[in-house]
Amino acid sequence: MDSIRKQSPAASGDAQLAGRTSKSSVSKPHEKLAEIATAARGPVSTTDHVQSRESIAMAKRVNRKLDFALLPILSFLYLFNGLDRSNIGNAETQGFTRDIGASPEDLNLAVSLFFITFVLFQPPSAAVGRWLGAKHWIPIMMIGWGAITLAQAWIKGRGALIATRLLIGAFEAGFYPTAVAYLSFFYCRFDLATRIGLFYGQYAIAGAFSGSIAYGIFHLRTGPLNNWQYLFVIEGALTMLFGLIAWVWLPTGPGSAWFFSEEERIFAAERIKADNALYVSHAYSEDGVEQDRLTKRDVVETGKDWKLWYVLFFNICASVPSQAFSVFLPLVVQGLGYSSIQANLMSVPPFVCGAVGLYLFALSSDHRKERGLHIIGGILVALVGLVITVAVRSHGGKYAGLCILLFGSYVSAPLTVAWLSGNTPEPGKRALVLGVNGFGNLAGVIGAQLYRPKYKPDYHIPFYATLGFVALALAGYLAYRFTLQHVNRRKLKTMSDKTEEEIQCERTDNTRYADRKWTFIYGL
């Protein structure tokens, strides 16, 4: 099936409208299924060839405009999501808990509880984003968590610390699944991983940017506030400001994007319909967005989706390093002998390595139209970094190990999202699947409990535990990919003796839903 996907213009996204399933007769039913599964056979005449070239050129132009007008603003907004989540770790290097009358152990508890609301609110928040529309829900969430971040500068005591982290977690919960589902309404399936990689990479960049900002702000020694208070005030106010800008900037859907010409709006809306037309049926508004955005069956089918629950556990295991170090890396680096301010600056290179690793793996994943092996490759790199970190005694060697660890740690989460998104053609169910997949952030609870102050300065036990989680994730993702291969073979075998009429009936009736249809072949 890999070869079938690679040959398909439609599967690549750039030529989604370049061709349609050939009307010519096909001798074997499984060959008919292959045509259906890949959405196109390619041009069959000189005219079709010209139209194909024109469509490819239009698709590239539409993607280019999206890459300049939509993706950067969403990525920038996600940067603030990461900043406001991780800045508490930077503040702690300056005595944050001491100044507010709490203990370092209270910080670990507050970070753990943050991830509780952050995880539990993801599915309902993603559902609200699907119902209300990302254009409105993303700014509302940003203004909410920005206001709480700003207020965090004046909290006092353990209770206030926990309350603010719970509220920030609740407001931030739906941002990532809502934004990814939003991107999937603009980009076709195999254009998506690179964009999700660039988008999710802001999580790593946020760690680097947070360290850089903190390094500058923490040199403030005058004024009425402690230096860590300025960090919360500046980042919270900027979050609210850009939330308001996003409300004006973001389009409702591809059919109403202000940066497209009329012809491009029509094309952008139609190609997304074509990307899923073989497996879903919807009525669309002029914006190119489905009118029936969320149904009861979407909820039921999400709960019954074996591949979601199958991979979720291993996604949690693989995410332990990236989630833990988003908050605690400055403290881990400080344990290598750096001063409190230097530790914030020295946390920047590992995060940059994480962003670079993610971008390279995501580009390769879209180019090769493959997800599983790329995720496994990223986990292997993280595993090597962990082994170096725990085995090498020198501080320089451990620091190099951290850089290698983060180079591979950010790969699995966004590529898992792209994998699940591409294998869930029904948009309503896709939004819920991405929300449930947010339970992967439970890794943050694990990380917060692992990297406790009592394990300072070398954090040997937390690193060994993290090594175990990553090794388990490696085995799990290998099993997941082989399972999808087995299901694909079973689907092809089921359809091999079906007539063309039976195949068409399978595509159009509602007995099986979207990806559960025998005609839907899972991407690997």
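Glycine is no exception: its Cβ is also placed from the backbone N, Cα and C atoms.
Annotated features in TrEMBL:
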type: DOMAIN; residues: 70-488; note: domain 'Major facilitator superfamily (MFS) profile'
type: REGION; residues: 1-31; note: region 'Disordered'
type: TRANSMEM; residues: 66-83; note: transmembrane segment
type: TRANSMEM; residues: 107-125; note: transmembrane segment
type: TRANSMEM; residues: 137-155; note: transmembrane segment
type: TRANSMEM; residues: 167-188; note: transmembrane segment
type: TRANSMEM; residues: 200-218; note: transmembrane segment
type: TRANSMEM; residues: 230-250; note: transmembrane segment
type: TRANSMEM; residues: 308-329; note: transmembrane segment
type: TRANSMEM; residues: 341-361; note: transmembrane segment
type: TRANSMEM; residues: 373-393; note: transmembrane segment
type: TRANSMEM; residues: 399-420; note: transmembrane segment
type: TRANSMEM; residues: 432-451; note: transmembrane segment
type: TRANSMEM; residues: 463-483; note: transmembrane segment
Stretch of maximal Cβ-Cβ contact with the transmembrane segment (230-250) [cut-off: under 8 Å; candidates 66-83, 107-125, 167-188, 341-361, 463-483]: 66-83
Integer average pLDDT (0 to 100) for the domain 'Major facilitator superfamily (MFS) profile' (70-488): 86
Cβ-based contact of the transmembrane segment (66-83) with the transmembrane segment (137-155), 3 or more pairs under 8 Å: yes
Range from 167-188, 341-361, 373-393 with most C-beta pairs under 8 A to the transmembrane segment (432-451): 167-188
Contact check, the transmembrane segment (308-329) vs the transmembrane segment (399-420), 3+ Cβ pairs under 8 Å, seq sep 6+: yes
Leading stretch by Cβ pairs under 8 Å, where the reference is the transmembrane segment (107-125) and the options are 137-155, 167-188, 399-420, 463-483: 167-188
Non-local residues, at least 6 beyond the ends, that sit with Cβ under 8 Å of the transmembrane segment (341-361): 90, 93, 197-198, 200-201, 204-208, 211-212, 214-215, 218-219, 322, 325, 329-331, 333-334, 374, 377-378, 381, 399, 402-411, 414-415
